[in-house]
Ligand code: SF4
Ligand code: SF4
């Protein structure tokens, strides 16, 4: 699949934003983000909302006819893209209400606040899950058609949210003990789940050119594609990354996305010096961002749409 | 009704006449135009509803060329419709034709991603999704003579490799062809249940031969030769 920059940016940035909101609100419901006061929590939720919004806006850039984007709310019953749109739009009034409540009550969670908080939490989770399901529901792309995909989307969103939350906590001069440990656990879990995914897509398992063309007992090869230059189908679906490039990027994903942020956070939990801890706490999300952009690029570049079978690929 | 095409890969010679006829008819049809990108430039390309690709099956000395024209299969489980967030893509109850409402489409490409057969192409100039309409603007047009109420590709095919009809009706020509010639679906394992079928190559000699009348006797043939010779 062609890796579209707007979609890569959208999924990484809004995933991190929603993750930050989920963790801030989730911890808030459990009695407040440890070490983070009301203004800190407000800041972290607002940061999350800003990131989520930036991502959602970027996602509309890949629409060829954005003037009809408002219609995307009407097929909630069948379409995961529509569900994502609905969840993300319902998220806004709820989170606004929650922020207002937090600001006016100073962090006390009455019944009303708890209800709104739970709603925010569920809608943010549902949005990220729906993003994953948009891809996972496509039977045409074997590398995506798996529960591993929404699992990865959710875990990476939570992990990046936790790393950001650690950053915010340190920026407010508080102890990152809880947020940092949470980030460590989530980074390990997300890294392992992604490793399972990389392992799973390793060997081709999708349909073959034989069932596509319909001669199941003989070797088939494309003689003529019938077109003198690439069509929409080739531009959209026939993207092939070199194996060496894929391996390099997987290293980037693991080194920048998981290992370095992990080490930085470990160092952060062991230091008290403020300027150093701030550097550590802010470079971790930056590195993670680079790692996740590479991860998302690979997610597209390694996906093989079955239409390639008709252009001569032997198996998808 | 379950309208669709049955395409004979045994008779198709890969001449692309159906591709041209499709483009000609549909560029001014309901889902038109089918925009061309740099038609006179270095790399001409453009939207097409129908494409023909050619394959070599098996290896020498058993190799055979197969031409496979492909357009929308008007699948029974049309996931392209399921994933569409705007409701622009729909499948008609009455005849199973899958269409895109150009006024609703937002050009998100998701339906093209969901289609296994490459039947949907984004018109990059207009910004909306385009696809085969099964010539919905021809097959119901009562102003056309009855024989012309067929998709443009079917009418134009010089080898009559394409047949159009109701695959729900067991007595239709298309159903008969599928039954007698073991018509198959492309990528059946994906479960889209495409309506269009392909007929595999025949195993027997291609030309159907019927035994003629016995040869006339030698004297008869001599007489007819004399007749011809005298006239000349
Ligand atoms: S061939 Fe593709 S566009 Fe046509 S109905 Fe099937 S999935 Fe939809
Ligand atoms: S490109 Fe248009 S028709 Fe296709 S899914 Fe998006 S809105 Fe629906």
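Heads up, residue numbers simply count up from 1 along the chain you see.
Here the Cβ of each residue, glycine as well, is placed from N, Cα and C on the backbone.
TrEMBL labels come from automatic prediction, so no person has curated them.
A quick note: this is a predicted structure, and the numbers were derived from the prediction, not measured.
Per TrEMBL, the feature transmembrane segment maps to A:7-30 (among others). Taking Cβ pairs closer than 8 Å, the transmembrane segment (A:7-30) reaches residues 41, 44-45, 47-56, 58-59, 62, 95, 98, 102, 107, 109, 114, 117-118, 120-121, 124-125, 127-128, 131, 153, 156-162, 164-165, 168, 178-179, 182, 285, 289, 292-293, 295-297, 300 in its own chain, all 6 or more past its ends.
Same-chain residues lying 6 or more positions outside the transmembrane segment (A:42-64) and placing a CB less than 8 Å from one of its CB atoms are 4, 6-7, 9-21, 24-25, 33, 36, 88, 91-92, 95, 98-99, 102-103, 124, 127, 161, 164-165, 168-169, 172. The transmembrane segment annotation in TrEMBL covers A:42-64 (among others).
Sequence-remote contacts of a segment are chain residues at least 6 beyond its ends whose Cβ falls under 8 Å from one of its Cβ atoms, and for the transmembrane segment (A:85-103) they are 21, 25, 28, 38, 41-42, 45-46, 49, 52, 56, 72-73, 76, 112-113, 116-117, 119-120, 123-124, 126-127, 130. According to TrEMBL, the transmembrane segment annotation covers A:85-103 (among others).
Annotated transmembrane segment per TrEMBL: A:115-138 (among others), in sequence order.
For A:150-172 (among others), the entry in TrEMBL reads transmembrane segment.
Residues 23, 27, 33-36, 146, 148-149, 151-152, 155-156, 158-159, 162-163, 165-166, 169, 250, 253-254, 257-258, 261-262, 265-266, 268-269, 284, 295 of the same chain, all 6+ positions outside the transmembrane segment (A:178-200), place their C-beta atoms under 8 angstroms from a C-beta of that stretch. Taken from TrEMBL, the feature transmembrane segment covers A:178-200 (among others).
Residues or ranges marked as transmembrane segment in TrEMBL: A:251-269 (among others).
Within its own chain, the transmembrane segment (A:275-294) is flanked in space by residues 8-9, 12, 15-16, 156, 159-160, 163-164, 166-167, 169-171, 176, 183, 249, 252-258, 260-261, 264-265, 267-268, which lie at least six positions past its ends and keep a Cβ under 8 Å from the stretch. Annotation comment: TrEMBL describes A:275-294 (among others) as transmembrane segment.
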Same-chain Cβ contacts of the transmembrane segment (A:150-172) under 8 Å, 6 or more residues past its ends? 11-12, 15-24, 33, 35-37, 39-40, 43-44, 47-48, 125, 128-129, 131-133, 136, 179-180, 182-183, 186-187, 189-190, 193-194, 197, 261, 265, 268, 277-278, 280-282, 284-285, 288-289, 292, 295
Sequence-remote contacts (6 or more beyond its ends) of the transmembrane segment (A:251-269), Cβ cut-off under 8 Å? 163, 166, 170, 176-177, 180-181, 183-184, 187-188, 190-191, 194, 277, 280-281, 283-285, 287-288, 290-292, 294-295, 298
